[in-house]
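Before any comments, here is the structure.
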Amino acid sequence: MKFHFSMQSILEGLSEAAFAITLFYLVASDRYLSYVTPSVKPYLYFTVLMLLLWAVSSGKMKRLTYKTRYAHCFVLLLPLLVILVPHKPIQTNSRYSDTSAFFQSEPISAMSIDQQASVYFDDDEAIASPLEAVAMTTLEDAVVDNQVEESRQTEARTEMQTEIRTVAQEDAEKRVIVGNDEFYNRLNAIYRDPSHYNGYEIIVTGFVLNNMDALDEDTFIPARLAMVCCAADLTPIGMPCKYKGASGLKTDSWVTVSGVINIGEDGQPFIDAVDIAPAEPVEAYVYPY
Amino acid sequence: MNTPIYVVSGFLESGKTMLLNQLLSRSEWQSAKVGVVQFEMGETVLQGCVKSLMFSMEQTMSQPELVAEQMAGLIASERPDALWIEWNGMVAMEQLYKLLNASVLKGKCSLKGMLLVGHAEMLPNLLGRTGPALLSQVAECDCIAMRGQIDRRLKAQLKRLNPGVKLLQFDAYEAIQRQLTKEREHAGSRLSLTFLLLAGIYLLVKAVLNAIGIPADTIVNIFLGIILQAVPFLLIGVLLSSVLQILVPQRLIERYFPKSIGMGMLFAVLGGFLFPVCDCASIPVFKGLLRKGVPLPAAVTFMLVTPVINPWVIVSTYYAFSGDLFIVASRICFGIITAIFIGTTYIIWPAGDNLFRETRYEEILCSCGFYEDTTDGKLKERFWVVMRHAQATFFDVGKYLVIGTFVSAILQVINIQNTLGVYQGAGAVVVMMCLAFALSLCSSSDAIVARSFLSQFSLGAIMGFIVFGPMMDIKNVLLLSSSFSKHFIIRLLLTTFGVCFGVVYLLSKMGGM
């Protein structure tokens, strides 16, 4: 009898629990990063707790009913279905490929200059990506493919493994290696003080963005998708790169560019490409804040 | 043995005893042992029944244990094949459920069918006036036996209260009998089946979309992005709204909310600054404020201004426009001015009474039941009432969020922005406002999208996008429609569009944007 009367509460509780557990899994496994930025994390945990509270207390919240209504449970079950059916994250710019609207010639800089140092060293800012390791090796492979001197290669590898490269190190070698997790921070640092980095070597991985009206024949952008709030606002960002065969590169294919930082007539930095090698796609997005 | 219970309810003189007699004289019941319990002092049912009990409503309310005991006694001594209950139309079904849930009856009987008897000419009147009792009966019954002609309006009204209800003529005894006693599928299995069906449709739609060249996975990512962003805020919104509705006594708001409308609106704007949530949360709170007697102009101002000027939005705008304080300040100012103007229109032309959906069934039927008397009572109990109320609102509003998000995700992927040509001046502002309406972006992510239009549109048009979008879009209109009347929503939408356009266009001209 009791069971009969609280069927609706039970169904609601089950939907809530199922959604909460799935959401918890998404957050705990960092998969949520395909949809929203890390800043939403505490809110998502709050949602998990709230829904679990509702689910376990559905007995307490029970209302006596004879008719069991369940249509409203789909408020949670529908998103759950969408989450559970496998799907790929948005990987490249293809979504915007025929518009110049989303073109950004520079990484957006919001943080004030005086924050520079703290941003620079703050490793917590870096977003842990499940694909980090894969991406790293790719970058290394790219270096190998390019047959850069052996000593340098080992050097680069150690540096990328230690991850934190100080300004001093970079300055000493006059080289910036843009780690996949540091894409925004490193590029932003260069944009903030282009003249300092003028002539530095740079290694960066991104997808080829060369189908914008605003780009010259011999310019493309090794870009990454940046997420400010959620997957609805993904925008390519990156530093333009001068390369003779730029228009011949396959749009949206992933490449590792090594080159030299230069300053254009407009005062904006760009990369003079020395070498371009194919790379494995980096699945993580860039989270500027 | 578990005795099946069938309930016939309706108002006095509605003919329920007569109908019961008709049903029990049918051949199906001739050989059966039938018990009858009448919760109304009236005609007795004699035909075919083993034994009948009769209780007055007063007795049922005052001594439910005694009534339950007597019913248990009847079941134990007579072992009837079925127990028919005649229930008074003035009393909410919940009373009966409580009775049947009493420990002496638990496990001995279960409710198998419920019938409401009514008169087509009287029912519409009664529905609006008699409070929750009749509404709960309409909402809960399996079928309604109706005297007189059932017109379309009544049918629509009843179907809204209870989508699955069967409407039958009073004398269609056979059909009534069949409806009442038929085996009903278990709700759990129906839910699972529906889920599987939806999963199938979903996979099919995905395949079709991919086949015609629309990237379904991109829609999925955007949909989930917006949902995961919005659900926490919707939760916060419904919790705040429920706390407001249940824990804050009306007199507190009446005493402390500024009396003058001007101060009230100022208060609303300040509230917007301090309220770090998006539009998904401000709409439930708007509803809560109105229910608590906050004047409409102030409440409207609050709802419209919050998503434009809350701290999150300020930060993301600052970020999106590379720290351009002029744009941030413009967005805040335009938002405040627009919201205050719209609030003012409601002072000059008051909205009247038809603010909420025609008949407020939802409120009366709100699953928390009777929350009017809940500002008193123990804190612990009140906590659970808040939770129940929040949960009900969450599910109620949530469905509109899910639908709105789907529409918005699809519109974003089919790239309607690309079909736009080049516009100038006023035309550009209108186009950007329409785009903001269609895309339904979350107010903390719209700035970055707006920025990307800088190469195509003037700053004034961009302003239209980031000021109007958070105030009104497809998602918000759907969220509002969960509790407000069409009339109110249309007026609000048109006013917001007009005022927003005027403010943005004039001010951006003056500011040389």
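Each residue, glycine too, has its Cβ placed from N, Cα and C.
TrEMBL labels come from automatic prediction, so no person has curated them.
Here is what TrEMBL records for this protein:
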type: DOMAIN; residues: B:4-144; note: domain 'CobW/HypB/UreG nucleotide-binding'
type: TRANSMEM; residues: B:191-209; note: transmembrane segment
type: TRANSMEM; residues: B:221-248; note: transmembrane segment
type: TRANSMEM; residues: B:260-286; note: transmembrane segment
type: TRANSMEM; residues: B:298-319; note: transmembrane segment
type: TRANSMEM; residues: B:325-349; note: transmembrane segment
type: TRANSMEM; residues: B:397-416; note: transmembrane segment
type: TRANSMEM; residues: B:422-441; note: transmembrane segment
type: TRANSMEM; residues: B:448-468; note: transmembrane segment
type: TRANSMEM; residues: B:488-507; note: transmembrane segment
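With a cut-off of 8 Å between Cβ atoms, the residues of this chain six or more beyond the transmembrane segment (B:397-416) that come close are 214-215, 218-220, 222-223, 226-227, 230-231, 234, 238, 280, 283-284, 435, 438-441, 473-479, 481-482. The list of residues near the transmembrane segment (B:221-248) in space but at least 6 beyond its ends in sequence, with Cβ under 8 angstroms from a Cβ of it, reads 277-278, 280-285, 287-289, 291-292, 371, 374-375, 382, 385-387, 389-391, 393-394, 397-398, 401-402, 405-406, 408-409, 412-413, 440-442, 444-445. Stretch with the largest number of CB pairs closer than 8 A to the transmembrane segment (B:325-349), among B:191-209, B:260-286, B:298-319, B:448-468: B:298-319. Most Cβ pairs within less than 8 Å of the transmembrane segment (B:448-468), among stretches B:191-209, B:260-286, B:298-319, belong to B:298-319. Outside the transmembrane segment (B:191-209) by six or more residues, the chain places 215-216, 219-220 with a CB less than 8 A from a CB of the stretch.
For the domain 'CobW/HypB/UreG nucleotide-binding' (B:4-144), the model's pLDDT averages out at 82. Taking Cβ pairs closer than 8 Å, the transmembrane segment (B:260-286) reaches residues 229-230, 233-234, 236-238, 240-241, 244, 294-295, 297-303, 305-313, 336, 339-340, 343-344, 347, 393, 397, 401, 442-444, 470-471, 473, 475-476, 479-480 in its own chain, all 6 or more past its ends. In the domain 'CobW/HypB/UreG nucleotide-binding' (B:4-144), helix, strand and coil residues by DSSP number 58 helix, 38 strand, 45 coil.
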